[in-house]
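Chemist: Found this in TrEMBL, in case it helps:
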ACT_SITE  Glu95  active site, proton acceptor
DOMAIN    101-339  domain 'Radical SAM core'
DISULFID  Cys108-Cys345  disulfide bond
BINDING   Cys115, Cys119, Cys122  [4Fe-4S] cluster binding site
BINDING   Gly171, Glu172, Ser203, Ser225, Leu226, His227, Asn302  S-adenosyl-L-methionine binding site
ACT_SITE  Cys345  active site, S-methylcysteine intermediate
Amino acid sequence: MNTASRQNLFSLDRQRLEAFFQALGEKPFRASQVLKWIHQQGITDFEQMSNISKNLRQRLAAKTDLITPQEITHHYSEDGTRKWVLQVDSGNAIETVFIPEEGRNTLCISSQVGCALNCSFCATAQQGFNRNLSVAEIIGQLWLAEHSLRPELDIKPGQRVISNVVLMGMGEPLLNFDAVVAAMRLMMDDFAYGLSWRRITLSTAGVIPALDRLKEQCPVNLAVSLHAPDDKLRDQLVPLNQKYPIHDLIEACQRYLEGENRKRITFEYVLLKGVNDSTAQARALVNLLRDVPAKVNLIPFNPFPESKYQRSSQQTVDRFREVLMSANLITVTRKTRGDDIAAACGQLAGKVQDRSRRQTPVIQPSDLTT
Ligand code: SAH
């Protein structure tokens, strides 16, 4: 069967789904009904969509698909964190991480297969970049986590498992702008997941033009991966800085907050032993952030095979934090979660075909049975 011409309904946010139904000669409210079946009920069999006429159900079955990434494996961490490895096509897999905490359940989702930014301390960078994920592949991660965990966690009807989403998995979300925005609209849609923008955080290395577009099109919480207080060091750690240097980035952050009720931006700072963790650098960071409402998230470095950095000692982390706190900068040290299953920040690697897009699948059939 030729699936290329079939519409995958997971790829459509409400506006596009309404347009789709109108093109079929149907009323736009069908979109809300179908969104509810798919995203709230977790139903992907049209036959079960009982408030849709038989005729329309048959037309949908004939013309459309409901396809999400497929689970290859999942891993449980001692601390309750769970990581799924999901196949998105014959050669590529991505990773999604579920982080349960007191009072909230966060899902960390991927936006690209691999990443093009080449940050020197990140495992995803080593995989290179293969392609952007589609809307269906992004929202499909939330769908899969929500609906596979519901029965397991004994969630009551009307309640949801995932309370917060962070776009902090593999990839740079702002380099896959349109798909990420459509997926976030679905996350916020009352007929889909109904999450407030306050519960969605997009993490970026700082693609400045896209930040301005995000403010216009889909303002959510922003986390900016800073990692260095000066251009010289940041150029090395986050090569994107050579294109969008720190001061321009800080200005873009100020614009992002302007006139909105968002209170502050989170700046992420991975502490690398002897590289960016001195008290002088902490003071430079205070100075840099003095004019932007900020919260700093200090991230202990998570090692991965062949990484050239080391984690700063607890004492150094505490000292760095102390400098920020005494300058009244809200600072939290991120608790490392899921590092025993390589699910912690910067450890997500998935399986990515190399940049030359080899034809030989890198996923072996044996991977599918483990
Ligand atoms: N491209 C986006 C989102 C993915 S990274 C971004 O740069 O923000 C999510 C967070 O994990 C970022 O702050 C990133 O810098 C951090 N991170 C990457 N590698 C890490 C590592 N090895 N240890 C700890 N944190 C890491």
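Using the three backbone atoms N, Cα and C, a Cβ is placed for every residue, glycine included.
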Chemist: Could you say whether, by DSSP, Gly171 (S-adenosyl-L-methionine binding site) belongs to a helix, a strand or a coil region?
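Modeler: The three-state answer is coil.
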Chemist: Which of these recorded positions (Glu95, Cys122, Ser203, Ser225) have a C-beta closer than 6 Å to some atom of ligand 1?
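Modeler: So the answer is Cys122, Ser203, Ser225.
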Chemist: Out of Cys119, Ser203, Leu226, which has the highest number of nearby Cβ atoms, where nearby means within 10 Å of its Cβ, if these are the binding-site residues?
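Modeler: Max Cβ neighbours within 10 Å, all protein chains included: Leu226.
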Chemist: Using Cα coordinates, what distance in whole Å links Ser225 (S-adenosyl-L-methionine binding site) and the residue listed as 'active site, proton acceptor'?
Modeler: 20
Chemist: Run through the Cβ atoms and count how many others sit within 10 Å of the one on His227 (S-adenosyl-L-methionine binding site).
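Modeler: Its Cβ has 25 other Cβ atoms within 10 Å.
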Chemist: Let me make sure I understand the span of the S-adenosyl-L-methionine site: among Gly171, Glu172, Ser203, Ser225, Leu226, His227, Asn302, what is the greatest distance between any two Cα atoms, in Å?
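Modeler: Greatest Cα separation within the listed binding residues comes to 19 Å.
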Chemist: Rounded to an integer, what is the Cα-Cα distance in Å between Gly171 (S-adenosyl-L-methionine binding site) and Cys119 ([4Fe-4S] cluster binding site)?
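Modeler: Rounded to a whole number, the Cα-Cα distance is 11 Å.
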Chemist: Are there any residues at least 6 positions away along the chain from Glu172 (S-adenosyl-L-methionine binding site) with a Cβ closer than 8 Å to its Cβ? List them or say none.
Modeler: Ser111, Gln112, Cys115, Ala116, Leu117, Thr204, Ala205, Val207, Leu240
Chemist: Of Cys108, Leu226, His227, Asn302, Cys345, which recorded positions are close to Cys122 ([4Fe-4S] cluster binding site), meaning a Cα within 10 Å of its Cα?
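Modeler: Close recorded positions: Asn302, Cys345.
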Chemist: If you compare CA-to-CA distances from Cys119 ([4Fe-4S] cluster binding site) to each of the recorded positions Cys108, His227, Asn302, which comes out shortest?
Modeler: His227
Chemist: List, in sequence order, the same-chain residues at least six positions removed whose CB sits under 8 Å from that of Glu95 (active site, proton acceptor)?
Modeler: Lys83, Trp84, Val85, Leu86, Ser110, Gly169, Met170, Ala343, Leu348, Ala349, Gly350
